[in-house]
Structures are given as structure tokens and as C-alpha cells.
Amino acid sequence: MPELPEVETTRRGIAPHLVGQRVSRVVVRDRRLRWPIPEDLDVRLSGQCIVSVERRAKYLLINAEVGTLISHLGMSGNLRLVELGLPAAKHEHVDIELESGLMLRYTDPRRFGAMLWSLDPLNHELLIRLGPEPLTDLFDGERLFQLSRGRSMAVKPFIMDNAVVVGVGNIYATEALFAAGIDPRREAGGISRARYLKLAIEIKRVLAAAIEQGGTTLRDFIGGDGQPGYFQQELFVYGRGGQPCKVCGTELREVKLGQRASVFCPKCQR
């Protein structure tokens, strides 16, 4: 599933080609995503100029003069720019055609993504309850420490809770916990302030590094320019269960936490 770095990579890739451009037509070949694409999307968006492209958590907000297209890549989706008129292949559900001669094409083989329309996107039901962005000053270790008091859940699902902080998905939670030396199974409420301060720093560092590398391509993620991400080459623990730790050589263990696989080093993480 594309996580925050992959979505931010997509945003950075498509924004320069969208902002200031006018939409000439929207072609929807299949409306059946996680939620149906609005039947009047073409009417609402065509003729409008794209003002900005923003990201909130794992949602892309394509802001027009009036209204915003809210897009989510789901489990396997991508948005990329192609030449106008390029024939559509299987699973290529939506084309947003631009007067510039390019079009933004949405592909989603598993159809778990979304394309919705809103006049007030930040107050949309999908976005209004989200926590702070991890790469801003609104998120820090003190927030993690305070929100974790009295919580008996494991620390990994705690930091993956979008009400606590957005965008810390399975890959980056696994990597940040390793970097901070924290066992993902530990109770969130039993971790000290000092360790949460360290964890917040590592969450920011890991996410920033992943964005710099264009995200992580494990299966079918590609950025807005059609290129894969390269952060998978930097992974220390994610997806490496049973292999030796890159730091100490101990065999990495894999357990289930919150229905997700979690890999950790029993020596480096306490």
C-alpha cells in the first residue's frame, strides 16, 4: 500500500504539471472504487484551472478554482502523467485531460482507492479527525508520551493510529521503531518520555529519507513520473524476518501486531 512518502512523491511529481493548467475533460471508465466516483465529476471539474496540489495524510487534494478532488491511492493505485490520447490499458479508470496536452491518469487494479469531490475538503468526513502531520512541529515526542499514558496497546499500532499522527504506515513504523531501539510489542503506556522523544525524531528522519528516495517500491508503486521509489534498498528490518540484523547479526523475528506482520531485532530493540 502506498504510504505517506509514496503519496508525497506522487504529489511532488504531478504538481508542477497540474498547477496553472485548465482541465478540458474528465473521462471515467469505471466508477467502482472504494466509494463510487461522483457521476458529475466531469461537469464539476472540466473548465476549471488547477490552483494547487496538496497532501493530507495519505490523501491527495487537487484544488481547483471551486472545489477539490480528494484522491486516495488505496492498496495498489497510482497517478501519473501521460500524453493526451494514450490508449487506456486494463485498470486505468480515470483520465483528467488538460489543455496542455497531458492528462493525469489514475490506475487502480484492486479498486481500493478513491476519487471524491468536496467544497470543504479539510472538513470532509475522511479528513476532519486526522492527527497532525509527522513532518511538522505539531508532532513531537511529547505528544506521543502524553497520548500514550494509560494505553495498554502495543506501541507499533499506537504510532500507526491516524488520530495520534498521520501517515506512519507499516513500513515506516517498523523502521522507526528499529532505529529508536524500541520493541514493537511493548505497551505504549510503559514507554518513557525520553524514548518517545527519540522515536519521534526517528519517525521524522525515516519519513524524510523515504521521500528523498522517492518512496518504497515493494510491488507496483510508481511515482507521478512513472518511476519506482528506491527506499526499499535502505530498509533495515521491514520484510526481512528470519534474516540477520544488519547491525548486530541476530536473526530478525516476525510477529503479528494488529493483524500486520512486524519484524524486529530481539537484541537491538527493547
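Heads up, the Cβ atoms here are built off N, Cα and C, so glycines get one too.
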Swiss-Prot record, zinc finger, of the ranges 201-235, 236-270 the matching one is 236-270
Need one residue: from His91, His124, the one Swiss-Prot lists with Arg110, Arg151 for DNA. His91
Residues in the zinc finger (236-270) per DSSP class, helix first, strand next, coil last, are 0 helix, 12 strand, 23 coil
Quick one: which of these recorded positions, Pro2, Glu3, His91, Arg110, Arg151, Arg260, have their CA within 10 A of Lys58 (active site, proton donor)? Pro2, Glu3
In whole Å, the longest Cα-Cα distance within the recorded DNA binders His91, Arg110, Arg151 is 42
Given the recorded positions His91, Arg110, Arg151, Arg260, state which is nearest to Pro2 (active site, schiff-base intermediate with DNA) when distance is taken between Cα atoms. Arg110
